[in-house]
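Residues annotated as domain 'G-protein coupled receptors family 1 profile' in TrEMBL: 1-257. According to TrEMBL, the transmembrane segment annotation covers 9-32, 52-71, 91-114, 143-166, 194-214, 237-257.
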Amino acid sequence: KTQHSNSCCLYFLSSSITNFFVLTFGFFVRILEYGFNVRPDDQILSICKIRYYLSHTAYFQSTYFIVMACIDRCAACSINRKYRKYCNSIIACRIILIIILSGFLSHIQMLIWFETDDILNEFNQHETRCYARKGTYRLIFDMFFLIFYSIGPTLLMSIFGIITMYNIRHLRRQIKPVFNSTNRRLVKRKDFQLILMMLIQILFVIILTFPFALEKFYSTLTENYIKSRLKLSWENLVKSIVILLLYINHSLSFYIYTLSGTSFRKEFYHIVQITFRRFLERRSKHFGNSLFTIDL
(Lines of atoms letter the chains of each structure in order from A and count residues from 1; the text may use other names and numbers.)
(Lines give C-alpha, C1' and ligand atoms only; values in the text may rest on other atoms or scores of the structure.)
Protein backbone atom coordinates (compact mmCIF):
# COMPACT_ATOMS: atom_id res chain seq x y z
CA LYS A 1 0.00 0.00 0.00
CA THR A 2 2.88 2.39 0.87
CA GLN A 3 4.54 1.55 -2.45
CA HIS A 4 1.40 2.47 -4.40
CA SER A 5 1.29 5.91 -2.76
CA ASN A 6 4.82 6.71 -3.93
CA SER A 7 4.96 8.43 -7.34
CA CYS A 8 8.29 6.86 -8.31
CA CYS A 9 6.98 3.37 -7.47
CA LEU A 10 3.98 4.01 -9.72
CA TYR A 11 6.31 4.78 -12.63
CA PHE A 12 8.31 1.61 -11.94
CA LEU A 13 5.11 -0.43 -11.71
CA SER A 14 3.83 0.99 -15.02
CA SER A 15 7.16 0.23 -16.67
CA SER A 16 7.05 -3.37 -15.41
CA ILE A 17 3.52 -3.86 -16.77
CA THR A 18 4.46 -2.54 -20.22
CA ASN A 19 7.59 -4.72 -20.15
CA PHE A 20 5.24 -7.70 -19.85
CA PHE A 21 3.57 -6.65 -23.12
CA VAL A 22 6.99 -6.15 -24.74
CA LEU A 23 7.90 -9.74 -23.90
CA THR A 24 4.46 -11.02 -24.92
CA PHE A 25 4.24 -9.33 -28.34
CA GLY A 26 7.96 -9.30 -29.03
CA PHE A 27 9.92 -12.08 -27.39
CA PHE A 28 7.23 -14.75 -27.67
CA VAL A 29 6.96 -14.17 -31.43
CA ARG A 30 10.77 -14.33 -31.70
CA ILE A 31 10.72 -17.75 -30.02
CA LEU A 32 8.17 -18.98 -32.56
CA GLU A 33 10.19 -17.48 -35.39
CA TYR A 34 13.68 -18.74 -34.54
CA GLY A 35 12.81 -21.84 -32.54
CA PHE A 36 9.94 -23.31 -34.55
CA ASN A 37 10.15 -21.43 -37.87
CA VAL A 38 6.61 -20.12 -37.35
CA ARG A 39 6.24 -16.56 -38.70
CA PRO A 40 2.61 -15.44 -38.34
CA ASP A 41 3.47 -11.73 -38.64
CA ASP A 42 5.38 -12.33 -41.89
CA GLN A 43 2.51 -14.20 -43.51
CA ILE A 44 -0.59 -12.28 -42.37
CA LEU A 45 -0.57 -8.52 -42.93
CA SER A 46 -3.00 -7.68 -40.10
CA ILE A 47 -0.89 -9.59 -37.55
CA CYS A 48 2.20 -7.85 -38.95
CA LYS A 49 0.73 -4.40 -38.32
CA ILE A 50 -0.84 -5.13 -34.91
CA ARG A 51 2.16 -6.99 -33.50
CA TYR A 52 4.70 -4.30 -34.42
CA TYR A 53 2.34 -1.52 -33.37
CA LEU A 54 1.77 -2.98 -29.90
CA SER A 55 5.40 -3.98 -29.31
CA HIS A 56 6.86 -0.61 -30.38
CA THR A 57 4.22 1.24 -28.38
CA ALA A 58 5.24 -0.78 -25.33
CA TYR A 59 8.95 -0.01 -26.01
CA PHE A 60 8.11 3.70 -26.00
CA GLN A 61 5.90 3.64 -22.91
CA SER A 62 8.25 1.50 -20.82
CA THR A 63 11.24 3.73 -21.57
CA TYR A 64 9.45 6.99 -20.82
CA PHE A 65 8.06 5.65 -17.55
CA ILE A 66 11.70 5.22 -16.47
CA VAL A 67 12.46 8.75 -17.73
CA MET A 68 9.64 10.10 -15.58
CA ALA A 69 10.94 8.11 -12.60
CA CYS A 70 14.29 9.89 -13.08
CA ILE A 71 12.58 13.29 -13.23
CA ASP A 72 10.49 12.40 -10.19
CA ARG A 73 13.55 11.51 -8.06
CA CYS A 74 15.34 14.61 -9.31
CA ALA A 75 12.42 16.76 -8.15
CA ALA A 76 12.16 14.87 -4.84
CA CYS A 77 15.80 15.70 -4.04
CA SER A 78 15.44 19.36 -4.98
CA ILE A 79 15.83 22.06 -2.33
CA ASN A 80 13.06 24.02 -4.03
CA ARG A 81 9.73 23.05 -2.47
CA LYS A 82 7.92 24.05 -5.67
CA TYR A 83 9.48 21.09 -7.49
CA ARG A 84 9.04 18.61 -4.63
CA LYS A 85 5.26 19.10 -4.57
CA TYR A 86 5.02 17.47 -8.03
CA CYS A 87 6.16 14.15 -6.52
CA ASN A 88 2.75 12.80 -5.61
CA SER A 89 0.66 9.88 -6.81
CA ILE A 90 -2.13 12.00 -8.35
CA ILE A 91 0.21 13.83 -10.72
CA ALA A 92 2.04 10.55 -11.44
CA CYS A 93 -1.22 8.87 -12.49
CA ARG A 94 -2.00 11.75 -14.84
CA ILE A 95 1.45 11.62 -16.42
CA ILE A 96 1.21 7.83 -16.79
CA LEU A 97 -2.07 8.27 -18.65
CA ILE A 98 -0.49 10.92 -20.91
CA ILE A 99 2.46 8.62 -21.72
CA ILE A 100 0.11 5.72 -22.52
CA LEU A 101 -1.99 7.87 -24.88
CA SER A 102 1.12 9.44 -26.46
CA GLY A 103 2.57 5.99 -27.13
CA PHE A 104 -0.56 4.76 -28.90
CA LEU A 105 -1.05 7.97 -30.91
CA SER A 106 2.59 8.48 -31.95
CA HIS A 107 2.83 4.94 -33.37
CA ILE A 108 -0.56 4.81 -35.09
CA GLN A 109 1.16 5.40 -38.45
CA MET A 110 2.57 1.87 -38.14
CA LEU A 111 -0.92 0.47 -38.74
CA ILE A 112 -0.86 2.16 -42.16
CA TRP A 113 2.72 1.95 -43.46
CA PHE A 114 3.93 -1.38 -42.12
CA GLU A 115 3.79 -4.22 -44.63
CA THR A 116 5.32 -7.55 -45.59
CA ASP A 117 8.24 -7.35 -48.01
CA ASP A 118 10.72 -9.68 -49.71
CA ILE A 119 14.29 -9.46 -48.38
CA LEU A 120 17.55 -11.29 -49.10
CA ASN A 121 18.72 -13.45 -46.20
CA GLU A 122 22.22 -14.73 -45.40
CA PHE A 123 21.75 -17.64 -47.83
CA ASN A 124 21.01 -15.25 -50.72
CA GLN A 125 17.41 -16.44 -50.70
CA HIS A 126 14.33 -14.26 -50.81
CA GLU A 127 11.99 -14.48 -47.85
CA THR A 128 9.03 -12.46 -46.60
CA ARG A 129 9.53 -10.19 -43.60
CA CYS A 130 7.31 -7.68 -41.85
CA TYR A 131 8.66 -4.16 -41.49
CA ALA A 132 8.18 -0.51 -42.42
CA ARG A 133 7.49 0.31 -46.07
CA LYS A 134 10.64 0.70 -48.14
CA GLY A 135 11.86 4.16 -49.04
CA THR A 136 11.56 7.46 -47.20
CA TYR A 137 9.13 6.20 -44.56
CA ARG A 138 11.45 3.39 -43.44
CA LEU A 139 14.34 5.85 -43.03
CA ILE A 140 12.13 8.31 -41.12
CA PHE A 141 10.75 5.53 -38.91
CA ASP A 142 14.22 4.26 -37.99
CA MET A 143 15.39 7.81 -37.26
CA PHE A 144 12.28 8.31 -35.10
CA PHE A 145 13.04 5.08 -33.24
CA LEU A 146 16.72 5.98 -32.78
CA ILE A 147 15.94 9.48 -31.44
CA PHE A 148 12.81 8.89 -29.35
CA TYR A 149 13.57 5.41 -28.05
CA SER A 150 17.34 5.47 -27.60
CA ILE A 151 19.15 8.81 -27.86
CA GLY A 152 16.43 11.05 -26.38
CA PRO A 153 15.57 8.94 -23.31
CA THR A 154 19.26 8.19 -22.70
CA LEU A 155 20.13 11.89 -22.66
CA LEU A 156 17.17 12.74 -20.41
CA MET A 157 17.99 9.92 -17.98
CA SER A 158 21.66 10.92 -17.87
CA ILE A 159 20.91 14.62 -17.35
CA PHE A 160 18.36 14.12 -14.58
CA GLY A 161 20.47 11.36 -13.02
CA ILE A 162 23.43 13.74 -12.76
CA ILE A 163 21.21 16.51 -11.37
CA THR A 164 19.82 14.05 -8.81
CA MET A 165 23.31 13.11 -7.62
CA TYR A 166 24.21 16.81 -7.39
CA ASN A 167 21.05 17.54 -5.37
CA ILE A 168 21.83 14.70 -2.96
CA ARG A 169 25.35 15.99 -2.32
CA HIS A 170 24.05 19.54 -1.95
CA LEU A 171 21.41 18.41 0.57
CA ARG A 172 24.02 16.57 2.63
CA ARG A 173 26.10 19.72 2.87
CA GLN A 174 23.26 22.14 3.57
CA ILE A 175 20.85 20.20 5.79
CA LYS A 176 21.83 19.07 9.28
CA PRO A 177 20.76 15.59 10.42
CA VAL A 178 17.78 16.67 12.51
CA PHE A 179 15.59 13.67 11.77
CA ASN A 180 14.37 12.75 15.24
CA SER A 181 11.47 10.70 13.96
CA THR A 182 11.95 7.08 12.94
CA ASN A 183 9.31 7.47 10.23
CA ARG A 184 11.20 10.37 8.62
CA ARG A 185 14.42 8.33 8.61
CA LEU A 186 12.53 5.48 6.96
CA VAL A 187 11.11 7.78 4.28
CA LYS A 188 14.57 9.15 3.51
CA ARG A 189 16.06 5.65 3.37
CA LYS A 190 13.32 4.57 0.97
CA ASP A 191 13.96 7.60 -1.24
CA PHE A 192 17.64 6.69 -1.50
CA GLN A 193 16.72 3.09 -2.38
CA LEU A 194 14.51 4.36 -5.20
CA ILE A 195 17.33 6.60 -6.44
CA LEU A 196 19.72 3.63 -6.45
CA MET A 197 17.19 1.53 -8.38
CA MET A 198 16.72 4.37 -10.84
CA LEU A 199 20.47 4.79 -11.47
CA ILE A 200 20.93 1.05 -12.04
CA GLN A 201 17.95 1.07 -14.43
CA ILE A 202 19.49 3.99 -16.36
CA LEU A 203 22.76 2.11 -16.76
CA PHE A 204 21.05 -0.98 -18.17
CA VAL A 205 18.80 1.04 -20.50
CA ILE A 206 21.80 2.82 -22.02
CA ILE A 207 23.86 -0.35 -22.47
CA LEU A 208 21.09 -2.64 -23.72
CA THR A 209 18.89 -0.45 -25.95
CA PHE A 210 21.34 1.78 -27.83
CA PRO A 211 22.86 -1.07 -29.96
CA PHE A 212 19.40 -2.16 -31.14
CA ALA A 213 18.43 1.31 -32.36
CA LEU A 214 21.78 1.72 -34.15
CA GLU A 215 21.44 -1.67 -35.83
CA LYS A 216 17.96 -0.79 -37.15
CA PHE A 217 19.23 2.51 -38.54
CA TYR A 218 22.29 0.84 -40.13
CA SER A 219 20.16 -1.88 -41.74
CA THR A 220 17.92 0.73 -43.38
CA LEU A 221 20.87 2.80 -44.66
CA THR A 222 22.56 -0.25 -46.22
CA GLU A 223 19.51 -2.20 -47.41
CA ASN A 224 20.23 -1.40 -51.09
CA TYR A 225 23.92 -2.34 -50.89
CA ILE A 226 25.14 -5.56 -52.48
CA LYS A 227 26.45 -7.74 -49.66
CA SER A 228 28.33 -11.01 -49.65
CA ARG A 229 26.97 -14.11 -47.97
CA LEU A 230 29.57 -13.75 -45.19
CA LYS A 231 28.61 -10.12 -44.54
CA LEU A 232 24.93 -11.03 -44.39
CA SER A 233 25.73 -13.78 -41.90
CA TRP A 234 27.66 -11.38 -39.67
CA GLU A 235 24.88 -8.81 -39.84
CA ASN A 236 22.28 -11.40 -38.87
CA LEU A 237 24.44 -12.52 -35.96
CA VAL A 238 24.79 -8.93 -34.74
CA LYS A 239 21.04 -8.42 -35.18
CA SER A 240 20.26 -11.50 -33.10
CA ILE A 241 22.60 -10.31 -30.33
CA VAL A 242 21.19 -6.77 -30.12
CA ILE A 243 17.60 -8.11 -30.14
CA LEU A 244 18.53 -10.41 -27.25
CA LEU A 245 20.03 -7.43 -25.38
CA LEU A 246 16.82 -5.46 -25.98
CA TYR A 247 14.62 -8.14 -24.43
CA ILE A 248 17.06 -8.59 -21.54
CA ASN A 249 16.57 -4.89 -20.77
CA HIS A 250 12.80 -5.33 -20.64
CA SER A 251 13.03 -8.40 -18.41
CA LEU A 252 15.42 -7.07 -15.76
CA SER A 253 12.93 -5.00 -13.75
CA PHE A 254 12.16 -7.69 -11.17
CA TYR A 255 15.84 -8.45 -10.52
CA ILE A 256 16.83 -4.78 -10.30
CA TYR A 257 14.03 -3.93 -7.87
CA THR A 258 14.49 -6.94 -5.58
CA LEU A 259 18.31 -6.88 -5.53
CA SER A 260 18.81 -3.12 -5.11
CA GLY A 261 15.70 -2.17 -3.09
CA THR A 262 15.40 -3.46 0.48
CA SER A 263 11.72 -2.50 0.78
CA PHE A 264 10.88 -4.25 -2.50
CA ARG A 265 12.82 -7.33 -1.38
CA LYS A 266 10.90 -7.46 1.91
CA GLU A 267 7.60 -7.10 0.04
CA PHE A 268 8.62 -9.98 -2.25
CA TYR A 269 9.54 -12.22 0.71
CA HIS A 270 6.24 -11.31 2.35
CA ILE A 271 4.24 -12.27 -0.75
CA VAL A 272 6.15 -15.58 -1.05
CA GLN A 273 5.48 -16.39 2.62
CA ILE A 274 1.76 -15.60 2.31
CA THR A 275 1.46 -17.64 -0.90
CA PHE A 276 3.31 -20.61 0.61
CA ARG A 277 1.24 -20.47 3.81
CA ARG A 278 -2.02 -20.45 1.83
CA PHE A 279 -0.77 -23.37 -0.27
CA LEU A 280 -0.03 -25.38 2.86
CA GLU A 281 -3.42 -24.53 4.39
CA ARG A 282 -5.25 -25.69 1.27
CA ARG A 283 -3.12 -28.82 1.13
CA SER A 284 -3.84 -29.67 4.77
CA LYS A 285 -7.58 -29.11 4.25
CA HIS A 286 -7.52 -31.25 1.13
CA PHE A 287 -5.94 -34.20 2.94
CA GLY A 288 -7.79 -33.55 6.17
CA ASN A 289 -4.58 -33.19 8.14
CA SER A 290 -5.18 -30.34 10.56
CA LEU A 291 -2.03 -31.19 12.56
CA PHE A 292 0.32 -30.32 9.70
CA THR A 293 1.51 -26.77 10.35
CA ILE A 294 4.66 -24.95 9.42
CA ASP A 295 5.83 -21.82 11.15
CA LEU A 296 7.28 -19.40 8.62
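Heads up, the Cβ atoms here are built off N, Cα and C, so glycines get one too.
TrEMBL: automatically predicted annotations, no manual curation.
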Residue numbers, six or more beyond the limits of the transmembrane segment (143-166), whose CB comes under 8 Å of its CB atoms: 56, 59-60, 63-64, 66-67, 70-71, 73-74, 77, 106, 195, 198-199, 202, 205-206, 209-210, 212-214, 216-217
Range from 9-32, 91-114, 194-214 with the greatest count of C-beta pairs under 8 A to the transmembrane segment (237-257): 194-214
